[in-house]
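As structure tokens, the structure follows; a few thoughts come after it.
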């Protein structure tokens, strides 16, 4: 099996990006160690702080954020970073080539129940000149690398540099990432969907109708049985989609009219969309490709629909219909 280093060399990834990927991968090993120790290390539970999203921070949110921030600040390829747990961008150096956006511990609410969590990251080119928030506001198409690390029964790294998606598994004996899937590919068709059904009454009409039709199974217009899956961590749900197909969505809702979207564009939706598209899937808001969005701010949120190409297309057809007229009585 190829090591991560050998694989990056064989793909012709340049030296500076290779260095940055190793920084992220090596830090993920430290995070994996912290996650595994859990209650034994006293890192479970919440802090008394909230992040910029207004979410209560878990102890491991803060710990993993500091791990990544410290590692990236020591990497001379990095110009700046943005994190879910940081209110503002962090300037690292004036000569780095890359900007890094990350969610240090996606699904952290799962930590206290010993369920799946992960790290998501996006790498963008650093523009010249003064570093400001606008330096980060680049469409997802500009990403030069993206990936996630899943901390589960085994620790796995999914990575793309624009040449497909490679999956690596951390060997616990050698502490090396080894290539276990050379090219992840999402099946075009699926019988699985992932959505938080507790929000059903708050969704827009297109998603209400789409999910209702899936639930009707063989007696509905889709004439096919579907199973629902929900891990409550984007990293886990997207990993399942990459591994065996499916559609994952966190759609627009009016539960809180001031926050119609849940997932963050820069360090959740964009990197996951890059991976999904590189594996042959589609990633959309319902109305436009996620990676075509021109960001307006670093913590911007968006609706997300991604996964198996034919099923995402079917969902998008519902979003193209006119729901403005009341049905005739």
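Backbone N, Cα and C define each Cβ position, glycine as well.
Listed features, source Swiss-Prot:
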BINDING   84, 103, 105  Mg(2+) 1 binding site
BINDING   103, 106, 268  Mg(2+) 2 binding site
BINDING   106, 107, 108, 109, 196, 262  substrate binding site
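The Mg(2+) 1 site is defined by 84, 103, 105, and by the 8 Å test on Cβ atoms against their centroid, the other residues of the chain that qualify are 61, 64, 65, 83, 85, 102, 104, 106, 108, 119, 120, 267. Residue 106 (Mg(2+) 2 binding site) falls within a strand when secondary structure is assigned with DSSP. A distance of 16 Å separates the Cα atom of residue 262 (substrate binding site) from that of residue 105 (Mg(2+) 1 binding site). Between residue 106 (Mg(2+) 2 binding site) and residue 196 (substrate binding site), the C-alpha separation comes to 16 Å. Among the binding-site residues 84, 103, 107, the ones whose Cα sits within 10 Å of the Cα of residue 268 (Mg(2+) 2 binding site) are 84, 103, in sequence order. Burial estimate for the binding-site residues (108, 109, 196): highest at 108, by number of other CB atoms within 10 Å.
Taking a C-beta cut-off of under 8 Å and a sequence gap of six or more, residue 107 (substrate binding site) has these contacts in its own chain: 115, 116, 117, 118, 231, 232, 233, 234, 235, 236.
Annotation for residue 103 (Mg(2+) 1 binding site): spatial neighbours 83, 84, 119, 120, 121, 264, 267, 268, criterion Cβ-Cβ under 8 Å with sequence separation of six or more.
The Cβ centroid of 103, 106, 268 marks the Mg(2+) 2 site; residues of that chain outside this set whose Cβ lies within 8 Å of it are 84, 102, 107, 118, 119, 120, 148, 234, 235, 263, 264, 267, given in sequence order.
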